[in-house]
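S.K.: Annotations per Swiss-Prot:
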type     : residues                                                       : note
REGION   : 433-507                                                        : region 'Disordered'
COMPBIAS : 458-475                                                        : compositional bias 'Low complexity'
COMPBIAS : 491-500                                                        : compositional bias 'Polar residues'
REGION   : 569-633                                                        : region 'Disordered'
COMPBIAS : 579-600                                                        : compositional bias 'Pro residues'
COMPBIAS : 601-616                                                        : compositional bias 'Low complexity'
DOMAIN   : 627-781                                                        : domain 'Peptidase C21'
ACT_SITE : Cys680                                                         : active site, for protease activity
ACT_SITE : His766                                                         : active site, for protease activity
REGION   : 767-786                                                        : region 'Disordered'
DOMAIN   : 844-1001                                                       : domain '(+)RNA virus helicase ATP-binding'
BINDING  : Gly874, Phe875, Ala876, Gly877, Cys878, Gly879, Lys880, Thr881 : ATP binding site
DOMAIN   : 1474-1580                                                      : domain 'RdRp catalytic'
Amino acid sequence: MAFQLALDALSSTTHRDSISAPLLDSSVSQLQSSLELFPYTVPKELVPQLNRMGIQVSGLTSTPHPHAAHKTLELNLLFNHWAKSCNVDSAVVFMKPSKFFKLQEKNSHFKSLHNYRLHPHDSNRYPHPSTSLPTEKRFYIHDSLMYFTPHQISGLFESCPNLLSLYASLVVPPESSMTDLSLNPDLYRYSIHKSTLHYTPEGHSAGSYNQPVNALDWLKISAIQTPSLSLSVSVLESWGPLHSLLIERSSQTQNPDSQKIKDLISFQTPQALILPNPDSLAVPLRHRLVPQKTYDALFTYTRATRTLRTSDPAGFVRTQSNKPEFNWVTSQAWDNLQTYALLTASYRPPVSYTLHRSPLTKLKELLTRNALKLAAMASPALTLAIFTTMTALNTNSSKALSFSALKIHLLNPLTGPELLHFQTSVLQQKNSAPLSQAEAKQELDKSAVPAPSEHDSSASQSTSLSLSASSQLLSTEKHPGSELSSKAIPVSTSCPSASKQLAPPLTAESHSSVNALLRKFLGPNSPQSNLDNYNLHLHPESFTLGWKRRPLLLDSHSSFLPSSCLQPPASPSIAAAPHPLPPAQKPPRPPTTVPTPKPLASPSQTQAAQPATQSPPSIPQTAPVTSLLPAPLETDDSCAGPISTFQDLFPASYYPHTANFPCRSKIPGYLEAPYPPLDCMLVALSAQMPQSPQELWSALNTLMPLSALTSPSLRVLGLGTEELTALSYYYHFQAEIHSDNEIYRFGIQTASTKLCLIRDSGPPAHFTAPDPLRAGSPPSRSQTNENSLRRSLLGFRLNGNLLPIDQVHSFTSEPSRAKNLASNMKNGFDGILTTLAALSSLSSGPSPRDRIFTLDGICDFALPKTVDLIHLSGFAGCGKTHPIQQLLKTPHFHNFRVVTPTTNLRSEWKSDMALPAHHNWRFSTWESALLKHAEILVIDEIYKLPRGYLDLSLIADPTVKLVILLGDPLQGEYHSTSAHSSNLRLSSEIPRLLPFIDYYCYWSYRVPKCVAKLFSLPCFNPSEGFIKTTLDFFPSANNLVNSHSVVHISEACGWNAVTISSSQGCTFSDPAFIHLDRNTALLSPSNCLVALTRSRSGVYFKGDFTFLSSLSGSSRMFSLAYSGQPIHLPDFFPEIVFQLNMITAPLTKRSSSFRSGFQPNISSAPKIPAPPNLPCPPHIPTNYSKDVIVNNQALYGESLERRLSVLHLPPTRMTLHSDINITAPSSSSFQPSDEPVPSDHTAVYPGFDFFTLAAHFLPAHDPEVKEIELKDQTSQQFPWLNLDFHISCQTSSLISARHQPGSDSTLLPASLHKRLRFRPTAAPYQITPSDSFLGNCLYRSWCQVYRRDPNVRLPFNEALFLECIAVNDYAQLSSKTQATIVANASRSDPDWRHTFVKIFAKSQHKVNDGSIFGPWKACQTLALMHDYVILTLGPVKKYQRLFDQLERPSHIYYHAGNTPHDLRRWCSKHLETSHCTTNDYTAFDQSQHGEAVVFEVLKMRRLSIPENLISLHVHLKTNVETQFGPLTCMRLTGEPGTYDDNTDYNLAVLNLQYDLRKTPTLVSGDDSYLSGTLSPRSNWPFVKELLHLRLKPSSLIDGLFCGYYLGPQGCIRNPLALFAKLMIAEDDGSAFDKLPSYLTEFSIGHGLGDSLWQLLPSDLVLYQSACFDYFCRKATRSQKILLQPGLVDQETLDKIALSAKFISRPFYSMLSSHARSLISTKFKLDSSLTTLQDPMVEFELLPFSNVQ
């Protein structure tokens, strides 16, 4: 600690480097050795675990490995543990030769290597098998002990007489003795299948292996004894699942004292405890194991909160269950924990504390406690009868315990240390001989129980003595873990003579035994028993995993190896191989391919004599990809009952499969959904029915759930066939839909009424009524012939499967997109056709260059063209091309042409189609295809073509009738090679073509199984495949590179290479070689996906392997693929995947469900979930209290308890509230001022008509000129259409910009660049030396103004801080309505990171001098923070504010918490002149950087705020993230203490610029007013350059502060702004509601009398008079009291406020606390009023007397 203090003291001095040099020197060597020994990248969450195990892992390595932590454990075992213990010549068994030679280089005592092929996989791992056993005195068996039994190991010692000791590594989870769920799932997982344990290291399924489940027996035996051999078994070390064992021949002489020490062993487990079993139920121990910290915190929480609801324990558990350190806890355990806490919350210790008890009281307690004992002694007959019964029950047992020992148990049944002493005394009588072989088998299975603590009664129960029947009757209820007691060792066998000791006659001891028995059955228990039972259940001991090891006695031994392994091989070539390997021999040269490192213990490397059967890994079947969004039908409040189908709820004879959609019963009389904007179906039906569209909609509301009638699909796409089916049931009709020359039938089959709807596919699709002349007849034959291609497409089948489309869409071209591409081609920026002008001399027609120029001219006058279009899309290799190729071979589709992006893909089409040579013109690359014509246009890999190519193709070929698109939106897009091309400026084709993708085929015939497993992809390729690295370069291989420059270099060297982007669409039979270089990190996820999915056989990575390290700067997708981890497509393509309707099997039938909007309803019917067991009410009122189980009132304090209801709080937020009552009364209360009235007469006004001035106030102008455009959208800050006005030529709302985020979609995006400052990366903001220097300057300047010593630190006042916590809770509960808090329940969601802030725009119409007649203005951004931040740091700011209010000099004025009257009084007292200096800032909040954080930290440390709160504040400020990106540590409106920190920062900056120690100064946020004309300090120019602020000071006579003109006479509201507000209110009709607030503001200056004219500039006299004229005309008699001379009493102000519907900030500040409380519950407060309320609440509630 002393060294740390020295480091902290010298860290900011010139001695920093000198004192830290020794630390650096000692760390360098350790770091270097760690990097060399452990080179693999261990997951960051496992690094602390390995460090706690004593393994020096740095976490700075970069070599990837699929299970790096296990590899690190193995390296530590070999090169640290074994290498240091090997001090004699030793042999190593079962190890790769390469690994052995590395170990031999580390320690030369490792002399020989012996491997034996016991499994087919061993032939690959062990190239030189041994044929004999080693001869050394010490063996090292590497990761194979779990495959050998004690019989075989004893046989090894018998076969090797020279063998003295054997070191062996064992991989087995210790907790497998009690559960099949891992206690460390980050490190390993396992499952148990009968006698096999399947082990998976670090989630790497490919590295999982099987081993015998009884391998755990090695950790339970302490010795192996045979008739001729004695071996001791020692567990040297345990590193999680890896254990190092030493088996050696026992010494002839042993210390006799060692036999008295129990051989107990324990293992490292999470800090946990075991919950008790429920009454009469048995829950597995694994599901009762919970974190100890969570249990202790929940135990305290349920007893500390005053109002505990049934949901609060579950809410508390939720705040803990998502923590990564608790991922070992099962969901059942969390459920049991919250249930247990809920049901035991009311239990309290059965104790009492009474002082000065009299002897008589003690005697009464003694008699009461021993009443049954006295009764038993008084009735010998009863005693004899009971004891005779107990003796008779024991006669069936041949062996029993002595009564003298049993009486202790009867007197104190299973309580206290006495029982443990009793059981220990009995256990000492047991023979300590080793277990026999049969007993050992049973014993090893029974001994694996959680190790008890010394004084745990449950521990003694876990040994479970087999007592007599009487003792069993006296046993208490089961304790956690007691279900294991039936498996423990019987001890009664150790007392052969116990039955003879039951003969003594009855004595007083027997009376005591009967007393205990009667108490057990009749009750009550003794007070001590009750207390012990309470502690046993509610304070259980910590969980410890361990057991007692026992010796094992064997009758015989088995051979260590099969006889076949020790026979010389028959082959001469193999027999010639040396055996064993000599130490000097080097391993053969390794292959050039870099092998994937092996797991810590795999079956292939550690198979033994009888290995467990190894089954090859198989890829699990993947479920179909379903929607990630839950259906809202489950939570629909308008329904009742479970989810069912419409056909089940409303039975009728519907057409098949038309009424199977999910539905619920509608509650009668529920609110009706608003009429839909897209009502073409209702209009079409109404034309054929007597009902109007509104009546049809009302009928739907009686049947359909509200969620279905307000769904986004219905609002955006219109009504569909589900609504048509519901109407058919209501009105009993059947309907026919004629769509794309097909007829679909819906409704009631037996209905006599038949309706017809004509559906136009669009876009947008549309329902219409049939032409009356046709009378609903189907389309004519001529129309059917014209659409024969559509019918053929929809009916085409290949191998019984349909094309993956749902309909034939209509596509309309955009000539502007075609013109862009044609211009770029003409100028040579895209394509090469313009370079082919020389070919014109070889042909009679125009050259390609001329034809492109002609096409460019045609685009200038081209009109949009509509054609039929289908889009086949799917994963790489899903078979999009093959069905289209078969379709084109049919007669209907013979007139086609195919467009491909590359020549390679064109060649594949030619070979697959196998057409005659004269048809080769039908296959073209994208440029030459523009010069050809055909009715059917097929475009393969559409997204690899330039943007606008589809539009240009339709203009170039007017004969096209049908377009077939093939492509995958997840793969790469086209990118021009010319920097001058403007094609990139067009919008992407992906969002444009996504609506035409009906289905996305999510399977593959191409990729091998190992690649398909990464994407959870159904795979039809039988090849397993591989993903490896290689150091070789094969010139003729399929080399995929990142850039064209590498391609050119490769071609110059004669090597085959193609860019990853160019390979899209190609299929390789041979492996794909992916080249890694610095451009790999720049690859998009689309290109990475292309590279991984080209080959049928596998993937090789070559080049720079650091890009596979999963670190910053590497390729994430490549890293995941190489490590075998799953690749989730939504993580890489979130904007695309969620819009795709994925299918995982070929389409065999199509849905006939339609909607009138753009897309049909193509999704399959969702699965209907089972009805819930306990349905909750649809709405829970905020005052619902029936779920409250504990409601404690304050025991002391004021008569009126200052507590607000917390019943409406979300359970996750309830845990954040302290629920501390404010008990200390405030020593300061608000008293009305006794100062004289400002003026006893009313001012004389030069009368001026308000409406006359208002008529000419607003200049005539075009408001649209002030608007801005953002992404083709116009802002809406000056709306004027359909707005009423009557006092001027335009609506008065045009006076200033209005911010309405709901109606202005450009408001927030256009304001971001001005209101927010972003960090360049996601890394935290780093405090610079300049920030530290400037922050100290600001702090000293601020202390100078307050006349404080900056070096003084005040002691922390804990009692006062508790009061601040209570006030903060009170303010958070009272500042918002209960409904608002419920609606924002997500703010306390534990899944919301507390460093994440949601930014949204503030809705306001700000009217002041700066905004009147101003231009477009950026909105104010508000930050929505987590409740944890507000409730944790809020008390800190209130604590600081309290000290600042008390110590603030009188000449410094902070406006927060003060009323306009307070401002007037302060001005009258301190201001001597109207001359002033004001200041304005540019981007005040955004310009506060690291220096503001340093300043805030120094302010908190001055008051000794706890360091954990300071660290939290710094962490939040430097790590803020938003939905738009990471922010700098700027000031955010919404963070705790925004106003205080802004005001302090402003004051500190002003004092750096001017000397304010004696200058009257008013500050409020970024606003300031300095009395007089001041001169800057001499050092101000230097300090100014360090600040990021841009100041705009000005000296003038009439200065504004917070909207008021100030002077020695007082203050007056700016009449210009007030006049503008009155105009706006008069025009929009809200003047009646707002008049009380505006009148109150006006009365502040009006009360000054004639002196008010001295404060106003002369040009504002007319506006003051006009305002007075308006109030005289419009104010009521009661409101005009405010205009009378003198001060208005508080009661009158409160009455006026409570009757108003609008409260302004100044008016709100003058109200009483009672009125403010009523107003806050009456309607939602504005955020400005919320911030104003905090200091007022503190003024009334905080005990100022506590401050010393």
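Backbone N, Cα and C define each Cβ position, glycine as well.
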S.K.: Excluding Gly874, Phe875, Ala876, Gly877, Cys878, Gly879, Lys880, Thr881 themselves, which residues in that chain have a Cβ inside 8 Å of the centre of the Cβ atoms defining the ATP site?
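M.R.: Not counting the recorded site residues, we get Asp968, Cys1001, Trp1003, Ser1004, Tyr1005, Arg1006.
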S.K.: Please give me the CB contact count at 10 A for Ala876 (ATP binding site), counting all chains in the structure.
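M.R.: Its Cβ shell of radius 10 Å holds 23 other Cβ atoms.
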S.K.: May I ask which residues of the same chain, at least 6 positions away in sequence, place their Cβ under 8 angstroms from the Cβ of Cys878 (ATP binding site)?
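M.R.: The answer is Cys1001, Tyr1002, Trp1003, Ser1004, Tyr1005.
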S.K.: For a quick check of packing: other C-beta atoms within 10 Å of the C-beta of Gly877 (ATP binding site), how many?
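M.R.: Its Cβ has 24 other Cβ atoms within 10 Å.
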S.K.: Quick one, of the recorded positions His766, Lys880, which Cβ has the fewest other Cβ within 10 Å?
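M.R.: Relative to the other recorded positions in His766, Lys880, His766 has the fewest Cβ atoms within 10 Å.
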S.K.: Across the domain 'RdRp catalytic' (1474-1580), what is the average pLDDT of the model, as a whole number?
M.R.: 92
S.K.: Which one of these binding-site residues has the most other Cβ atoms within 10 Å of its own Cβ: Gly874, Gly879?
M.R.: Gly874
S.K.: Just the number: how many Å between the Cα atoms of Lys880 (ATP binding site) and Cys680 (active site, for protease activity)?
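M.R.: Counting only the Cα atoms, the answer is 36 Å.
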S.K.: Look up Ala876 (ATP binding site) in the DSSP assignment and reduce it to helix, strand or coil.
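M.R.: The three-state answer is coil.
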S.K.: List the Cα distance (Å, whole number) between Gly877 (ATP binding site) and Cys680 (active site, for protease activity).
M.R.: 41
S.K.: So, three-state DSSP: helix, strand or coil for Thr881 (ATP binding site)?
M.R.: helix
S.K.: Using DSSP, how many residues of the domain 'RdRp catalytic' (1474-1580) fall into helix, strand and coil, respectively?
M.R.: 42 helix, 23 strand, 42 coil
S.K.: Relative to the Cα of Cys680 (active site, for protease activity), which of the recorded positions His766, Ala876, Gly879 have a Cα no more than 10 Å away?
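M.R.: Of everything listed, what lies within 10 Å of Cys680 (active site, for protease activity) (Cα to Cα) is His766.
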S.K.: Using DSSP reduced to three states, classify Cys680 (active site, for protease activity) as helix, strand or coil.
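M.R.: Looking at the DSSP assignment, Cys680 (active site, for protease activity) belongs to a helix.
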S.K.: Between His766 (active site, for protease activity) and Gly874 (ATP binding site), find the distance joining the two CA atoms and give it rounded to the nearest Å.
M.R.: 29
S.K.: State the count of C-beta atoms found within 10 angstroms of the C-beta of Phe875 (ATP binding site), not counting that atom itself.
M.R.: 25
S.K.: Write out the long-range same-chain contacts of Thr881 (ATP binding site), meaning residues 6 or more apart in sequence whose Cβ is under 8 Å from its Cβ.
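M.R.: Trp909, Asp912, Asp940, Leu966 - these are the non-local Cβ neighbours of Thr881 (ATP binding site), listed in sequence order.
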S.K.: For a quick check of packing: other C-beta atoms within 10 Å of the C-beta of Cys680 (active site, for protease activity), how many?
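M.R.: Result for Cys680 (active site, for protease activity): 22 neighbouring Cβ atoms inside 10 Å.
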